[in-house]
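K.L.:
The annotation transmembrane segment is assigned in TrEMBL to 20-38, 59-78, 90-108, 149-167, 179-199, 211-235, 241-260, 281-298, 310-338.
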């Protein structure tokens, strides 16, 4: 028991190697993200009338990064399994980094006298609240929008962890059908995210949430290290799937993807062009603001249903012998129910009578005819 605890403590203790790996990763994202070509997308109009500009080159940034890592792995400069070999170590290093970044954001926010919507300080006087939820809406560092930067780092980190796990499976001659299925779904989902990266500029996290520990930790620690739990589990547990199970799993993924991507795309396009056709017809709108066409006329937050189905498809390749691989969809279910309630309260306050009319027109929340 004592030896096991010693080994665990050694495994989670940050090393200079893990620090160097993390710093190189964040440096690459900062420099390459600033110089690689990409579409410049204006963000949402803020309360002072300004709009931030986002360089959406995430897909090119990701492809180049994977290519460069493939080259250094091929010439044996860095092992493809480096991340998988240092998983817990990198987790603790990233956690410490997220705390340090949040402390800096808190101190800078408290001292800021900027009155712009992006950088104006929102201090409640409750230290824990302000540290957790953040003080500034869109803090920047050397021209980088940190909120956009961190969520990009988290999504790319998730893929890098998965690819390193895959390399370790191949190295140990332990590659299974389940692992291939899980990896395929994640690759498709992450590539899709960066292909439609501009849609991220109209999400609630970007336009309304201030940057504090909640988002910093969520982006660079929670996303890459918990979303990859299924991969870690399959690395040590082999699952044989029947043909019927594989087909069912694929159906769950593609159904979820169609709803998730379709709903988010409709919302994004509507915000950019309120007259754009939805499913071949002019959009129906309540109060000139709330969309009730397409997926948004079927259920409020129907995109959450798609997200849940996709999350479930990541876990189904692991079978049903353990609850561990189902941590992600379970967590996401709880999160989205909480977020949906939070969004409902905010929208009711913001839109008032229009929201009441919208609820009568679209009575279902997330799951049509059930919830």
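Note: Cβ is positioned from N, Cα and C throughout, glycine not excepted.
On a predicted model such as this, the values are computed, not experimentally measured, just so you know.
How buried are these features, and what lies next to them?
P.N.:
Here the transmembrane segment (90-108) has Cβ contacts under 8 Å with residues 12-14, 18-19, 21-22, 83, 130-131, 134-136, 139, 146, 211-213, 216-217, 220-221, 224-225 of the same chain, all six or more residues outside its ends.
Counting same-chain residues at least six beyond the ends of the transmembrane segment (149-167), those with a Cβ under 8 angstroms from any Cβ of the stretch are 25-26, 29-30, 33, 58, 61-62, 65-66, 69, 73, 80-85, 87, 175, 179, 183, 186-187, 190, 193-194, 197, 200, 205-206, 211, 215-216, 218-225, 227-228, 231-232, 234-235.
Long-range contacts of the transmembrane segment (179-199) within the same chain, counting only residues at least 6 positions beyond its ends with a Cβ under 8 Å from a Cβ of the stretch, are 39, 41, 54, 56, 58-59, 61-62, 152, 155-156, 158-159, 162-163, 166, 169, 227, 230-231, 234-235, 241, 246, 249-250, 253, 257, 261, 264-265, 268, 310, 313-314, 317-318.
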K.L.:
How about the transmembrane segment (241-260) and the transmembrane segment (310-338): do they have 3 or more C-beta pairs under 8 A, pairs 6 or more apart in sequence?
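P.N.:
Touching, yes - the transmembrane segment (241-260) and the transmembrane segment (310-338) meet the threshold of 3 or more Cβ pairs under 8 Å.
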K.L.:
Grab the same-chain neighbours of the transmembrane segment (20-38) for me: Cβ-Cβ under 8 Å, and only residues 6 or more beyond its ends, written as numbers and ranges.
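P.N.:
55-58, 60-61, 64-65, 82-83, 86, 90, 93-94, 97, 142-144, 149, 152-153, 156-157, 160.
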K.L.:
Hey, which bits of the same chain come close to the transmembrane segment (310-338), Cβ under 8 Å, at least six residues off its ends?
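P.N.:
Answer is 177-179, 181-182, 185-186, 189, 226-227, 229-230, 233-234, 237, 239, 241, 245, 248-250, 252-253, 256-257, 260, 301, 304, 366.
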